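Just below is one structure, and these are the notes that go with it.
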Amino acid sequence: MAREYKIEDYRNFGIMAHIDAGKTTMTERILFYTGKNHKIGETHDGASTMDWMEQEQERGITITSAATTTFWKGPDGRKRRFNIIDTPGHVDFTIEVERSLRVLDGAIALLDANAGVEPQTETVWRQAEKYRVPRMVFVNKMDKIGADFYRSVEMVGSRLGAKALVLQLPIGAENDFEGVVDLVYMRALRWDGSIGAPATVSEIPSDLKEKAEEYREKLIEMAVEVDEVATESYLEGVMPTDEQLVALIRKGTIEVQFHPVLCGTAFKNKGVQPLLDAVISYLPSPVDVPAISGIDVKTEDEVTRESSDDAPLSMLAFKIMNDPFVGSLTFCRIYSGKVQKGISLENTVKKKRERLGRMLQMHSNSREDIEEAFAGDIVALAGLKETTTGDTLCDPLRPVVLERMEFPEPVIEIAIEPKTKADQEKMGIALNRLAAEDPSFRVKSDEESGQTIIAGMGELHLDIIVDRMRREFKVEANIGQPQVAYRESITKAAEIDYTHKKQSGGAGQFARVKIIFEPHDGDDFIFESKIVGGAVPKEYIPGVQKGIESVMGSGPLAGFPMLGVKATLVDGGYHDVDSSVLAFEIAARAAFRDGAKKAGAQLLEPIMKVEVVTPEDYVGDVIGDLNSRRGQISGTEARSVSTVVNAMVPLANMFGYVNSLRSMSQGRAQYTMQFDHYEPVPSAVALEIQKKYA
């Protein structure tokens, strides 16, 4: 089977947005306009195509990124292949967003025309910035009360620190929103609002003529800056043609120099087709972005893999899903080469071979079996046993490890126990399966109480895990009160000289270590050896590091993992017969226990960035309540009919906040919360925590 579409005609992109910015509706419209869906599913009635998991449909939020392949004929009449990855907009699922951004070539950031740039938009934007993903902005919900296109554009600059390149102006707003002024071709596009209706093209309305001229001039000035020749011509008074302008906008977008901004309303079917045309005109194909780099397993050199069918096969597993019909599905982005059903793949991270059974092309939740796939494709593989998120699969003869994904540490823990004996065994299987799908979800066993503890990114995250366990694995469980994932650290340097000696007939044990423990700015553990003259033989030094690392998971105050510790081995002593790696491990462990106390151990707690959007009447109550939760108010900001309150609040004081806020504002205020940083716990609170966990 030969390649159906040239790789230059692929667009792998995602839609990123704050919860409720209309992302699912937009994806539905795109699938409808590109001919995949016959009946549009509205999120309001829980029938949306992309939201294929039951709970997503109930809660009206998108959780898992489902990959969908569809097609669109561009302005030039040529058909392109779109692989759309749906990303969740809720804060507890930033991990999903991170995974999808990792395998995208471009993205559309969706803004709510009334709210503009919201906190989750900022978070996702920063993640996209990290991977240098070219982005366009679509100001959605232009038909909504309080819709303000120009304020949204201003916020792209002020809140995201990004350069907005305005390509369209709205004609009317709120109920009177009719269409857009296209600044590239200087024309008006209007829609009657019926599903699938094409735009009618007309002259720019006279009251917008002057504004359109002004914005087109700004557009040209920004676009020519990306090319020296175009800049020179422009300064000499030569204007770029429409085709040249499109090429300049494409170049600047792909180089992430600016972000094209369009507008419309997906729900009312206005502005969707020009957005699809813009995906083709301005977002990159797999060959327009830098080739992915990785490490050659044989030589350990850095290598790149070009987006070409002739290059050695390399693909990245970015998502694992349980499918009721096929079992476990591993979603992969093919970066280079081609893959056929039935071949052997090397998993270079796990150092295991995988045999490829079925290969599927996914459309939301229908699927099509395929025999072969090529560079640039996004496919779902069935039957892989060892592969987890972030692993590289490649040609066994040309092994490579692509860049690893990094996942955040969970901030909240809950004890969970099966309701019946029958649920006991099934619960373990279910939790392990769910943890394989989601690297930000962890399962562990509490050694003292024997309880199973699940940890995640927030209350909603863990709610949904428990819910999925019930639905997909038929496991009923009781859950305890959420607990905060505290951490411990040290505040000053301490030098410990410790000798471990044991004589018990025959060979004894002997090891002496002198270690300086001190705090450092990062969260990780740093070990350094400054041993000179063989005071501790080289082969024993790894034992010292291993010994310290083995007790880093349990701090001296309340047994929480330690953060930000640096240990420097400066001196020591050994015995020719009695010393061993194990003896040095034991000595280092004891030295750390002493050192952590002497170095001023302290408890740390997760601090959450909280944003509350509330009607003005309740601002005083909201601020008073946040203060009572040990919150620090960092600012308030007025938005059309509501006020935004920003604060930093300890997670320990935010449990059950949703109910308090609801009753305080008669259900009219909303909030979002995400982990920001760790901070020392006030001493009075720290004592209570120590008593509780001692």
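The backbone N, Cα and C atoms fix where each Cβ goes, and this holds for glycine too.
As recorded in Swiss-Prot:
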DOMAIN    8-287  domain 'tr-type G'
BINDING   17-24, 86-90, 140-143  GTP binding site
If you average pLDDT over the domain 'tr-type G' (8-287), what do you get?
84
Quick one: of A17, M142, which of the binding-site residues has the smallest count of other CB atoms within 10 A?
A17
Hey, what's the Cβ neighbour count for D20 (GTP binding site) at 10 Å?
18
Around the Cβ of T87 (GTP binding site), how many other Cβ atoms lie within 10 Å? Please give the count over every shown protein chain.
27
C-beta crowding around K23 (GTP binding site), within 10 angstroms:
26
Helix, strand or coil: which one is K23 (GTP binding site) in, per DSSP?
helix
